[in-house]
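Notes to accompany the following structure.
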Amino acid sequence: MNAAVIDSKNSQDFVVADMSLADWGRKELNIAETEMPGLVQTREEYKAQQPLKGARIAGSLHMTIQTGVLIETLTALGADVRWASCNIFSTQDHAAAAIAKAGTPVFAFKGESLDEYWEFSHRIFEWPNGEFANMILDDGGDATLLLILGSKAEKDRSVISKPTNEEEVALYKSIASHLDADPTWYSTRLAHIQGVTEETTTGVHRLYQMEKEGRLPFPAINVNDSVTKSKFDNLYGCRESLVDGIKRATDVMIAGKIAVVAGYGDVGKGCAQSLRGLGATVWVTEIDPICALQAAMEGYRVVTMEYAADKADIFVTATGNYHVIGHDHMKAMRHNAIVCNIGHFDSEIDVASTRQYQWDNIKPQVDHIIFPDGKRVILLAEGRLVNLGCATGHPSFVMSNSFTNQTLAQIELFTQGEKYENKVYVLPKHLDEKVARLHLARIGANLTVLSDDQAGYIGVDKNGPFKPNHYRY
């Protein structure tokens, strides 16, 4: 048993890898704050009002240094918080230790098993003193899914009887165990939730699907589609963190290689830019004719995965879809081709189909898959997020954009929840512009101010918003 789990049995309301890392984590948190002006200024603006006083936030989001600054912003504004990571490999152990030492219950360490992951996802809803979480801050939708699926299983256990992958095996087992102990565990907690703010594309897809089917049990704010999130975190964050992960894992020379990026949304665009910037020849696969045309107009060759599989050196999935790289693709790849994913879930690459072959672990989150003919394919982070599994994720500055949106969304939903139906919303344009404005001074950017005549000429307030909601940045 991991030492961190043993700690949790000694009446300590946290599970981390090593509390001796806390001081190191605190030093990095202090550095990160200097690069996260949006969060720091939001603390200053709202700390006297304490708008989150009474909020009990169940957080499921990568437990990194940057997330630590988010957590301490939420608590500075009055919230009580319990936190787990949304990925088994993404935790930075020194960050988790620092936040736990400061008094926030954290249940996360790098390299969790799937059983531990789902146990920790339950722990964020286990509030002391008979209280319950009333807000969810989610990344990928697992915390939201847990309560909704568990509540459904209370009425019909058959919904957790037929797992289709190892993730579902662990999830269903965990739900069944909790139902055996308390048959109303999930519905009791679900009834207290006022709303969720969702960080990423995959989780947002889940929310919109539930809304469409009339199954969304509480209001949701789609943080991902704030312009200052999707056009910054997804694009510029991935532009820096993808190659950081690949190079830390493999030390490969990117220049001269053929790299395939599956998906040319905001994440794929950032990935393609970074690989081309280091001298790779970049090919793109796409299902959407608009995105495919964008890629072609940027000078990328648009191909199919079937065409590229036996020709390219590096493969990156960035689609949010299922089995974008399948078994036959990997079987066709060159010896020592590098395969990785930067979408939220590990299902973009059909990793399960390769378990029949020999795996040779090179170092943490770097494996050789050895095919029967002796060919090896290098798989990074077991098909999970390469930038967080093999590196430390996005830089602090760009995460300040995303997490300032999260903070404002939590404030809005907690303080104004009665205004919202059980639907998915996005933050209003004036808040999107506010988030951007908070970050300009840090990078030496100075805004031009419209004159009254100029503002009148184009029909906007001189202080914004400057664009209509349908504007595409």
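Just so it is clear, glycine is given a Cβ too, placed from its N, Cα and C backbone atoms.
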Substrate binding, same site as Thr64, Glu199, Lys229, Asp233 - Swiss-Prot member from Asp139, Asp142, Asp288: Asp139
Recorded substrate binding residues, Thr64, Asp139, Glu199, Lys229, Asp233 - maximal Cα separation rounded to whole Å: 17
Gly263 (NAD(+) binding site) versus binding-site residues Thr64, Asp139, Asp233 - nearest by Cα: Asp233
Shortest C-alpha distance to His344 (NAD(+) binding site) - which of the binding-site residues Thr64, Asp139, Glu199, Lys229, Asp233: Asp139
Among Thr64, Asp139, Lys229, Asp233, which are recorded as binding-site residues, the nearest neighbour of Thr200 (NAD(+) binding site) by Cα: Asp139
Entries of Thr64, Asp139, Lys229, Asp233 which, being binding-site residues, have CA atoms within 10 angstroms of Thr202 (NAD(+) binding site): Asp139
Residues satisfying Cβ distance under 8 Å from Gly265 (NAD(+) binding site), sequence separation of at least 6: Thr201, Asn234, Cys291, Ala318, Thr319
Separation of alpha carbons, Val267 (NAD(+) binding site) and Asp233 (substrate binding site) (Å): 8
Rounded Cα separation (Å) that holds between Lys229 (substrate binding site) and Glu286 (NAD(+) binding site): 22
